[in-house]
Amino acid sequence: MSSLPAVYIVSSARTPVGSFLGSLSSLTAPQLGAHAIKAALAKVDGLKPSDVQEVFFGNVISANVGQNPARQCALGAGLEESTICTTVNKVCASGLKAIILGAQTIMTGNADVVVAGGTESMSNAPHYLPNLRTGAKYGHQSLVDGIMKDGLTDAGKQELMGLQAEECAQDHGFSREQQDEYAIRTYEKAQAAQKAGLFDEEIAPIQLPGFRGKPDVTVTQDEEPKNLNPEKLRAIKPAFIPGSGTVTAPNSSPLNDGAAAVVLVSEAKLKELNLKPVAKILGWGDAAQQPSKFTTAPALAIPKALKHAGVGQDAIDAFEINEAFSVVALANMKLLGIPEEKVNLHGGAVAIGHPIGASGARILTTLLGVLKAKKGKLGCAGICNGGGGASALVVELL
């Protein structure tokens, strides 16, 4: 890794994470993405929108969003029409993969300034009428839920990801109680971080017009953390396997809206513009295995990222492992031997939310905040994705 050109993160920003059909549901994925990009660039003194040469942005449920959501995000944020834009779909890892692609673009000398991240408005995901083009000639027609079809269903087995989370719980011996207690802890960490203002620096508030003459509303916080009710969480019925199941709605991540962006620069541009770096990208790794085992793919990607970075696992001060389900974090901690005291210290996706195309970038943005708050130096973000994959990234806080 030391032989490759350096890539620096000079800023990061994210929207609040909105609940499904909640406070941010009036905004499209490109509008959310544009807000995150604009906020990230506004943090960098000496860098103009016209300096950005390329944008990589994750988005998963792109039906009805319009052509190339990344391009819409870029132009909506005021970037030049000459900015090259690419939308990335690696399911839940899209946002982190976009950042990896941005770093690679700089390292290969194709750009000096890249914006990367991800966006998703699950509230605005449409339903499909797949047979309408050839005609509904006779009988009932069914709507297909775009969220379920393109976001939450294994394309090979045609089964919900939640059933594969159940498979993970069985494979690795995690009970319903263990998953519930983990979910409660992650909610409590998110609530504590929210109360202490630890998300304030990473969140770019969104002002929304008031309804029917009412005053404008400014959304400043993630919506989900306040919803914790431990008694209800422990009592709710399983979501995927009636009776004997261990995975429930509240010990899984919810459906959400949100976006996150980071600004990446080369060392030459950093020095030329006298920019202040936030962090340095040290390495990354991608991995894949049997699609139904997507839950534990981070346990393959994280070691690859650490090796690429030339960093030992014990040297990492904080990990972000995306909580698609509570059991995902539990299983990967177990497989890698990572203590929970180092993982998702400000809460994870179960409590904060999981706007799928954005989450990879969101966990990196939060990781930078965790390292700053805990006075840590090295951090690693890992996230699984549908189809059996995962992506991971290692950073050094500067």
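A Cβ is built for glycine as well, from the same backbone N, Cα and C atoms used for every other residue.
Taken straight from Swiss-Prot:
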ACT_SITE  C92  active site, acyl-thioester intermediate
BINDING   Y187, A249, P250, S252, V350  K(+) binding site
BINDING   N229, K232, S253  CoA binding site
ACT_SITE  H354  active site, proton acceptor
ACT_SITE  C384  active site, proton acceptor
BINDING   N385  chloride binding site
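Taking the features listed in Swiss-Prot, we show where each one sits on the structure.
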residue : record                                   : contacts (Cβ under 8 Å, 6+ apart)
C92     : active site, acyl-thioester intermediate : V60, N322, A324, H354, I356, S359, G360, I383, C384, N385, G386
Y187    : K(+) binding site                        : P225, N227, L228, G347, V350, A351
N229    : CoA binding site                         : none
A249    : K(+) binding site                        : I236, A239
P250    : K(+) binding site                        : D180, A183, K232, L233, I236, V350
S252    : K(+) binding site                        : G162, A165, A239, A324, F325, S326, V350
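One way to see the shell of the K(+) site is to take the Cβ centroid of Y187, A249, P250, S252, V350; the remaining same-chain residues with a Cβ within 8 Å of it are A183, L233, T248, N251, S253, P254, S326, A351.
Close to S253 (CoA binding site) in the fold, though at least 6 residues off in sequence, lie E323, A324, F325, A349, V350, G353, H354, each with a CB less than 8 Å from its CB. According to DSSP, C384 (active site, proton acceptor) sits within a strand segment. Mapped onto three states, the DSSP output places K232 (CoA binding site) in helix.
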